[in-house]
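Here's the structure we're looking at; comments come further down.
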Amino acid sequence: MDALDRVVKPKTKRAKRFLEKREPKLNENTKNAMLIKGGNANLTVTEVLKDIYAVKKPFAVLYKRKNITRPFEDQTSLEFFSKKSDCSLFLFGSHNKKRPNNLIIGRMFDYHVLDMIELGVEKFVALKDIKNSKCPEGTKPMLIFAGDMFDVNEEYRRLKSLLIDFFRGPTVPNIRLAGLEYVLHFTAVDGKIYMRSYKVLLKKSGCKIPRIELEEMGPSLDLVMRRTHLASDDLYKLSLKQPKGLKPKKKKNISHDVFGTTYGRIHMQKQDLSKLQTRKMKGLKKRPAEKSAQDGGAAPKKSKSA
């Protein structure tokens, strides 16, 4: 049995908090990514990994040492690093004569490789090469996908889902206008994928809505798809399954219109208005004759006392 697979009982409070952080939850933590450098990575691949790490921080782990592994042939090393660093996303960079400037992007399910797509870097412009202001660390990006291939081709559709998982960042309840300052644009055309990064500039427009300009800030990548390792339909469907606690409970007699207005239907018995209690006032008080007429009999006469 692997050392990481054993049931570990915590001996300290710190170890207990560490294990509680990793155990399954209804609302999972933000997905972390590990960036691994292969045994024969060149300078271009190393710079790509550093720039992606700068974009992904603080939800990323960068391994600086070279790791001699081939993900498409043996996935045990990736699964070991995933379990060790608690990362469900990975980016592996390598370089050789057959596949120069090679990147492998993938994700895990239950610490096993789910999807894996190999991309070749044909052109790369680093963050430091574009002399513009940068977005602060941890900025949540806006993702834009252009091109019919992302909707028509199954491999490109899975790549789109993988890129959304990789760059989406934490789930936030509210968004402010000034926080929308980072755009990642992916274009699929002529068998290539173009990745561009922009900073959003809010300019004065003379009205309430500002004028928006985009300024390129890097990194910039021209990619081409090579090999793929996609999960089967059953396994992919299993990975998308949500726990019952997250599913909203169906509420009866409630409907919504196209504008989002909620309508409710209430079932009540017919109300007897004669028994309705109203405000007591002297002017509305019934006289003895009215009471006797309502009861259907004559009012009894009071006997005079001697």
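The backbone N, Cα and C atoms fix where each Cβ goes, glycine too.
TrEMBL annotations:
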- 31-234: domain 'Brix' (DOMAIN)
- 269-306: region 'Disordered' (REGION)
- 277-286: compositional bias 'Basic residues' (COMPBIAS)
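The predicted model assigns the domain 'Brix' (31-234) a mean pLDDT of 89.
Summarised by DSSP class, the composition of the compositional bias 'Basic residues' (277-286) is 3 helix, 0 strand, 7 coil.
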